[in-house]
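Report on one structure; see the data block that follows.
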Amino acid sequence: PVLEKRGDIILGGLFSLHDTVVEPNMTFTSTPAPTQCTRFSFRTFRWMQTMIFAVEEINRNPELLSNITLGYKIYDSCSTPHQSLKAAIDLMGSEKDSHEGCDGNVPAVIGDGGSTQSLVVARFLGVFHVPQVSYFSSCACLSKKEFPAFLRTMPSDLFQVGALVQLVKHFGWTWVGVVAGDDAYGRGGAAIFANELQKLGACVAFYEMIPKIQSQAAVSAIISNIRSSGARAVLVFAVEQDAARLFEEADREGLTGIQWLASEAWSTAAVLSTPKKYHHILQGSMGFAIRRAHIPGLQDFLLRLHPSSPDADEDPFLVPFWEEVFQCSLGTRSKDRHTRSEGKPPCSGTENLQSVKNIYCDVSQLRISYNVYKAVYAIAHAIKAMRSCVRGNGPFSQQACPDLDNIQPWQVCSRKQNVNYINRFGDEIKFDVNGDPAAMYDLVNWQLTPSGDMEFVTVGKFDKIGADGRKNLHIEEEKIVWNGNKSQVPLSVCSSICPPGSRKAIRPHFPICCHDCVVCAAGEISNQTDAIECVRCLPEFWSNADRTACIPKQVEFLSFSDIIGIVLLVISLIGSFLTCTVALVFFYHRTTPIVKANNSDLSFLLLFSLTLCFLCSLTFISQPSRWSCILRHTAFGITFVLCISCILGKTIVVLMAFRSTHSSKVLKWFGPVRQKAIITFSTLVQVVICTVWLVLAPPTPQRYMPREGAIIILLCDEGSTLAFSLVLGYIGLLASLCFILAFLARKLPDNFNEARLIAFSMLIFCAVWVAFVPAYISSPGKYSTLTEIFAILASSYGLLGCIFAPKCYIILIKSEKNTRKHLM
């Protein structure tokens, strides 16, 4: 069947007025029955009427094509490639037409709608260089290189996919399912989307095809896969018929909670938005639709149809449309046209389209209709350009102009490339080198109105601007209502979003989007979600407990505010107090035999040096500074040498007094002056060592910042390890000499225990400092300082207790033994 109107120039039209075809039973024993189309499409019928409206509007406009009228030949392609091809062959003219001078040929074809049908038609029409302008075919496979005569007012899927990928990126979806129709449109668009999604770093959770064969088991398997995948965002790249089958099965199996992303083919499809059984599934769906427009006068033109009108008999598509709208039968008129009207009551004749509310009469979403309108006008402008040709300056060979009485299709095709004008709606109409229009989309959101109807709300726009391919996506998120009537963006990820303070760790043998969240190591942070890696803090900083920020490291040193610092302070002061107490006891009993026998001058000097030893430990308890570092090491070295020198002097006197056969002569050489000289000389050696140390490489405060620690350790660096070793070694030399001499005098008369006490005290002293060296080297941080203080206090207490405690015991408790007779 063909809807035809004569004119000076005839335009072809291909529209899928029916959704499916019932194939005849091929018995090969008789002539097959004619192909029967079913499921009339009101939406496509409106597109067809828009073409007729545009043709008549152009014919009424004397400024566009004066003295020329356009006609049309419109066929129903029934949504199938072979029906489209049959119609295209008929448009090229019959054998009878060819004998009459090709009057039956058309210079241009509007259509077809589906990309699969357009592929077949474009390959056929391209042989004859007949320009084809599609209003709905968006498949990127319809390239200019393969189909040079193909143009479209529908943007290529390359642009739509780019918009969809940006949409996915904007909302942070990294685990997206893809369901495609099993045709050129679905396969091509879904494949491009999957590739672009992977370049973005996101992953395809599943990739399913909706089979063209009516198989409930196959569609049910797709629903099961969607449910088990865990993906919340699913793109359905399919024509509305395939999408309807998918959602029908989703409704049957109770699949909810999915954020459906619509391709342009069904983003505003009434066949899905009208049935209320789909509302709970599709509410909140989102997709891109081409820009819409309001075409003045179109609605009145659509409502003019009636079977009783004068030209109704010439329209083979009016009867099936009327019977489908009003669900009645027009009797013999419908029978003559092989339509199915069995079981329908006869039409009363009072039916009127004014009372009908369906997708055909709805002009609020004129998107594809606007594409049809633009396609007709684009051809009209191409013809106008040819009529404006100046002889001798034409676009063809030898600058010739076309024969206006016999316009050839290839001439229209060549002029179509140069179409560039601003239409009455302010849109620029032109085609790029690929025959594609400028890509402009509206982002529509499916929202339920209070009355329960589905409404397409524009919540954003997408534009591809300029030759550089710059793309802009603008979204008004506050207008969006998500699936389940929620205002919060749904989360569609394979793994949970890693919060700040953690990083993504890829799971082996899983897609890159599937990962585990690993807490950042100590000293590392991440301050954003889904961080790929953690960032190490600078040496002066450390990560906080949440691993989200670098904070200054805690400065650590042995402080008076620490518990251990307070304990050491108390122990040191107690030692100093006890030493002073012993000195007072000795001073009070200085005339007693035991004090005189122990060389009171050296005893007081020893007690003074012990007091300094106790007090020098306090220089180690504070924040290290330049002066405190110098004082603590030099004071320690000099006071201990002074202390050991005093003990050494006492030991030599005792030993010489009892070991020498000429004690009176020997003691003259070790009198008080010589003893003080020995002490002074021994101490001066240490003073010289410390002076050289301070001049060449003095101790300085240092900040130690271990990479794996949360503290900055403040220590006094020795400056010169050799000098520090000499100081300790010299103390050890004196202590060892003192111990040897005291050991030699250990068997003196029992009543005189000075040498024995010195030997025992030196044994403790040497044991403490021998143990100190490895402990000091291996102690971390402030514990090395703590080890040094412990050695100072322990050795000081050892000297005080071993040398002076027995004497104080005799002086204070056993005073009867404090007699010359007892000592002798």
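Don't overthink the numbers, they just go from 1 along the chain as shown.
The backbone N, Cα and C atoms fix where each Cβ goes, and this holds for glycine too.
Because TrEMBL annotations are produced automatically, they should be read as predictions rather than curated entries.
Copied over from TrEMBL:
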TRANSMEM  563-588  transmembrane segment
DOMAIN    564-824  domain 'G-protein coupled receptors family 3 profile'
TRANSMEM  600-622  transmembrane segment
TRANSMEM  634-658  transmembrane segment
TRANSMEM  678-696  transmembrane segment
TRANSMEM  722-745  transmembrane segment
TRANSMEM  757-777  transmembrane segment
TRANSMEM  789-812  transmembrane segment
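For the transmembrane segment (678-696), same-chain residues at least 6 beyond its ends with a Cβ under 8 Å from one of its own Cβ atoms are 602, 605, 630, 633-634, 637-638, 641-642, 644-646, 648-649, 652, 719-720, 723-724, 726-727, 730-731, 734. Listed by sequence, the residues of this chain that lie at least six past the ends of the transmembrane segment (722-745) yet keep a Cβ under 8 A from its Cβ atoms are 633, 636-637, 640-641, 644-645, 647-648, 651-652, 654-655, 658-659, 682, 685-686, 689-690, 692-693, 696-697, 755-756, 758-759, 762-763, 765-766, 769, 773.
The domain 'G-protein coupled receptors family 3 profile' (564-824) scores a mean pLDDT of 80 in the predicted structure. Beyond the transmembrane segment (600-622), the same-chain residues lying 6 or more positions past its ends with a Cβ under 8 Å from any Cβ of the stretch are 557-560, 565, 568-569, 572-573, 575-576, 579-580, 582-583, 586-587, 590, 628, 631-632, 635-636, 639-640, 642-643, 646-647, 649-650, 653, 672, 675-676, 679, 785, 788-789, 792-793, 795-796, 799-800, 803-804.
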